[in-house]
Amino acid sequence: MMGTKHRSSHVNGSIKSSSSLRSSSKSFQAKMDLMSERLYDVVKSGSMVKRAQNKKRFTPVNYKHRWFELTKRTFSYFDVENVERRRERGRIHLKGVRLVEEATVSGEGGDPFAPDGYPFQVGYCEISSSANSHQVENGGGGGIEGQQSGRAVPQYTLYVIANSEKERSEWIRAIRQVCEDSNTPKSYRYHPGLWSGKKWSCCKGLSRSTFGCRAAAHWREANNNPSNGSSPAQNSTRSISPNSSTTNSQFSLQHNSSGSLGGGVGGGLGGGGSLGLGGGGGGGGSCTPTSLQPQSSLTTFKQSPTLLNGNGTLLDANMPGGIPTPGTPNSKAKDNSHFVKLVVALYPFKAIEGGDLSLEKNAEYEVIDDSQEHWWKVKDALGNVGYIPSNYVKPKALLGLERYEWYVGDMSRQRAESLLKQGDKEGCFVVRKSSTKGLYTLSLHTKVPQSHVKHYHIKQNARCEYYLSEKHCCETIPDLINYHRHNSGGLACRLKSSPCDRPVPPTAGLSHDKWEIHPMELMLMEELGSGQFGVVRRGKWRGSIDTAVKMMKEGTMSEDDFIEEAKVMTKLQHPNLVQLYGVCSKHRPIYIVTEYMKHGSLLNYLRRHEKTLIGNMGLLLDMCIQVSKGMTYLERHNYIHRDLAARNCLVGSENVVKVADFGLARYVLDDQYTSSGGTKFPIKWAPPEVLNYTRFSSKSDVWAYGVLMWEIFTCGKMPYGRLKNTEVVERVQRGIILEKPKSCAKEIYDVMKLCWSHGPEERPAFRVLMDQLALVAQTLTD
């Protein structure tokens, strides 16, 4: 018995040892696979926002910045904090990709907490280790494909939010292009919207397995003709014999004589057929490259995917009411051949230049050409055609709370308080994005017991209803606001009015493709100040648009180089960058025409209002965050400021802070910032690598940003006091940094110190700084 027991123990030990070895071997193999994958050339990479995929039932929905990389094998995403040691967070094998299309995550019925941007979706099946190069396990849970080998693998959708429409189009084309070489099936139809837990936001289908409501693009055709993008295909209804092979734009589909669709079109449309399509969870059909790949010759017009009924008739999946039950007669198909992109005007716009088109607020317009980022060609209801600023409109499909006057978007808690206190009206309110990601906040001015602003998080219950008080729930936020207009319902008072119209944003240039401005178009007014380049005066362009006009002193800058650069700078556009409208370069002195900011430089604003600002840590922190947002945009576009300081930031209405004069320091010819080595830069804002080697980068801007934060929290004090430049250089090279301002919290000073890390590679990116400061703001103020 002892021998037997000993033998059994020895055998068990061997089994455990072998299992451990296999586990270790698999881990080692996984690491080797990852290293091997990294050897492949990266086709495309960049920073975007990823939506949680919620593969587990009760995981929360959230949005996170990730670094994405597309290779010839995978589409992967990583942490963004550390460039050199990024941690991979997930990957999609491209052989499992079934569709790559534009998406709609916000808007009516979508996710109200989705960040602004340009979303697209990647539908995919997870690939098991047993899958070979031609057959991939697919099917099930989100339901684009069917099953294989009798075992279902869940279907998932990855939603990614790009930073611009151009970037989204580039990613879609790049992923499709790499996937073209794969012999895996592609999906015919998809949902452009989100599943809310109750219904699809796009087609209002009440089942998650509802068949896709939009035709997927023909990849090769879409890639060869970028203007097609991922627009829905035109529909087609025609009769064919059950066993015939279609040509041109038709697909070769295997007929299921029972009239059912394999692969699970959901809700009992499973079975033994071979067409694995749609909204999932159905039967056991297989989906092979032969039966799903489109024919090589495609017509110019894209035909909608069609389905065979029991009689061999191709049915249009976009028919009213969805796909008919097998055996029912085919009804008249809905014609989507004239699909158009509609936008809604958020602001009025008056056309002054020829070729532009005026906008009426809340009116709809048809987009004819959106190939340029900042100016789109549209047609109004009367058939008039012209160019409009793209930031004045929003696609109708994406339009959410922006249509309501009380919604102010990204406005911070501090700016909301300042805005609501200006009118001193009981019940004045706004709804804004909360500093807690994924939430909205109602900010309400009340005089009970005294005049102040209260902030309420808008929450959701398990039924996805919105509420401020659990006793009063509504299906939508507008319904909730309407309810509280008539009932205080737990609030300090009823909601009565919103402050005023949202401020109209500046345009990228004063007109479509206009950056050269004639001096006669400008009416010059009072002097606003003077600086290293010359005098700045207030002006009006064509008597209607307020501007600031920098009248450059001759001999202060390299004019020819700057004029060439100005063409690029007019295309930079962000809510926290002072907009460059154009230049007057045909006469001397040169004029630089920019957006007008009513409160002038941030430095002077801080000094003028020191008594009211010095104790308002939340407002000072909000100024820092606004600057970080503008600099994050410049960083993303590989633009270096070179002279970031409080004097080069401007303050507008509602305490909006914007970065100005970005890039101008490159063209300075005078000696205002000349060091002993002959270099030209502001010594007290310069990091060691600039002082020693004149090496400018976005990380030298980060150092200057730390000094700018110090300026803000000291309300405009001079960094290093009265120390001479040579003494400042010595201190910086010895690693001595500025001391903590008295009104500054330790958490904020810790961020400043990160900016002053000696090595540029040790300093965080602006995007990371922005997120860190937002987290500090949430901790200290909300």
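Any Cβ shown, glycine's included, is placed from N, Cα and C.
All chains included, 24 other C-beta atoms sit within 10 angstroms of the C-beta of Lys550 (ATP binding site). Annotation note: Lys550 (ATP binding site) sits in a strand segment as assigned by DSSP. Annotated ATP binding site per TrEMBL: Lys550, in sequence order.
Annotation source TrEMBL lists compositional bias 'Low complexity' at 14-24 (among others).
According to TrEMBL, the feature compositional bias 'Low complexity' maps to 222-236 (among others).
TrEMBL lists 237-256 (among others) with the feature compositional bias 'Polar residues'.
Annotation comment: TrEMBL describes 260-286 as compositional bias 'Gly residues'.
Per TrEMBL, the feature compositional bias 'Polar residues' maps to 287-297 (among others).
Annotation comment: TrEMBL describes 41-180 as domain 'PH'.
TrEMBL lists 338-398 with the feature domain 'SH3'.
The domain 'Protein kinase' feature in TrEMBL is assigned to 522-775.
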Item to complete: Using DSSP, tally how many residues of the domain 'SH3' (338-398) sit in helix, strand and coil.
Response: 6 helix, 27 strand, 28 coil
